[in-house]
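*Asks:* Below you will find the structure I want to go over with you.
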Number of protein chains: 2
Amino acid sequence: MLMFFQYNWQVRNEWFEWCKELSANELKEKRIGGVENILNTLLHIVDVETSWIRAIQNKRDYVINFDEYTTLEKVKDLSDLNRREIEEYLLTWSAEIENEITVVPWSGDQFTKGEIVRHVIAHEIHHIGQLSVWARELDRTPVSASLIDRGLLRK
Amino acid sequence: MLMFFQYNWQVRNEWFEWCKELSANELKEKRIGGVENILNTLLHIVDVETSWIRAIQNKRDYVINFDEYTTLEKVKDLSDLNRREIEEYLLTWSAEIENEITVVPWSGDQFTKGEIVRHVIAHEIHHIGQLSVWARELDRTPVSASLIDRGLLRK
């Protein structure tokens with residue numbers, strides 16, 4: 001399971017690098033689809049990953065105020081900060097945990113932990129696909145989405 | 001691993017249904033990013049999944065002629081046909097297979113089977129993200145990409 005997260009984090013960091021070439025206006029300009037701008041897409045990815053992985057651990061949900069994360073640096077810092085905690089948890093992941101039930105604090109719904117981690121993985125890849133279209137609309141080459149040959153280790 | 005494929009197949013079939021509302025022109029109209037049109041994106045997803053999962057099994061690669069798959073029905077039929085073979089193989093999947101090496105016939109490169117199946121999974125989700133932007137550009141509501149609450153079974 002960890003390999004997928006390593007893939008997502010590697011790709012996400014490449015998008016953070018890629019975004020450095022953009023103006024503040026291009027980062028926040030309203031676009032069609034998804035979360036409607038590039039910066040908020042990256043913040044939304046961090047937010048969703050953090051909320052679900054904290055829910056699995058029965059930790060309380062942090063509600064992110066999107067108005068506070070107005071620069072690429074702030075979003076990247078939050079991504080780095082939260083990733084440490086998430087990675088620490090995922091290193092303890094095992095097949096036995098898959099069918100354990102999590103009650104989600106924001107809705108009270110119940111899901112298996114296996115379903116939740118897959119949801120988080122797919123969620124990020126989906127939004128990154130949206131970024132790739134917006135990149136082309138900006139006449140730029142998107143970050144490669146290929147998972148193969150990134151030197152990811154299976155865990 | 002199978003849960004991700006079940007997710008992708010369910011979402012893909014919902015996109016096939018969604019596409020029935022489009023004209024032939026809308027399906028094939030050139031768009032910005034990815035494989036540049038909706039029909040070829042779906043065909044490309046089927047093509048890539050089939051090629052890699054056949055490679056894992058040391059089966060020869062089918063080279064798909066994109067000029068032959070000019071209608072939604074033809075692409076959907078190929079998706080259904082190939083899926084049966086792919087599902088049959090994936091039902092035999094186990095953690096022990098993950099580190100086995102596959103030599104890919106089209107390049108001679110070597111990858112672990114674990115890396116290949118994750119590549120195939122991420123590949124489809126990424127392109128579906130692109131479809132979701134194009135859907136909004138067509139003023140239509142895209143298929144939901146949420147993995148949670150689809151009744152997928154862990155395997």
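Including glycine, each Cβ sits where the backbone N, Cα and C put it.
Bear in mind that TrEMBL entries carry predicted annotations, made automatically and left uncurated.
So TrEMBL lists these for the protein:
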- A:His44, A:His123, A:His127: divalent metal cation binding site (BINDING)
*Asks:* Write out, in the order they occur in the sequence, the residues of the chain not among A:His44, A:His123, A:His127 that have a C-beta within 8 Å of the mean position of the C-beta atoms of the recorded divalent metal cation site.
*Replies:* A:Gly34, A:Val35, A:Thr41, A:Ile45, A:Val48, A:Glu124, A:His126
*Asks:* Please give me the CB contact count at 10 A for A:His127 (divalent metal cation binding site), counting all chains in the structure.
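*Replies:* Other Cβ atoms within 10 Å of A:His127 (divalent metal cation binding site): 24.
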*Asks:* Through the lens of DSSP with three states only, how would you label A:His123 (divalent metal cation binding site)?
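*Replies:* Looking at the DSSP assignment, A:His123 (divalent metal cation binding site) belongs to a helix.
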*Asks:* Long-range neighbours only, meaning 6 or more apart in sequence with Cβ under 8 Å: which ones does A:His123 (divalent metal cation binding site) have?
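*Replies:* Counting only residues 6 or more apart in sequence, the Cβ neighbours of A:His123 (divalent metal cation binding site) under 8 Å are A:Ile45, A:Val48, A:Glu49.
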*Asks:* If you draw a 10 Å sphere on the Cβ of A:His44 (divalent metal cation binding site), how many other Cβ atoms land inside?
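*Replies:* Summing over all protein chains shown, A:His44 (divalent metal cation binding site) has 20 other Cβ atoms within 10 Å.
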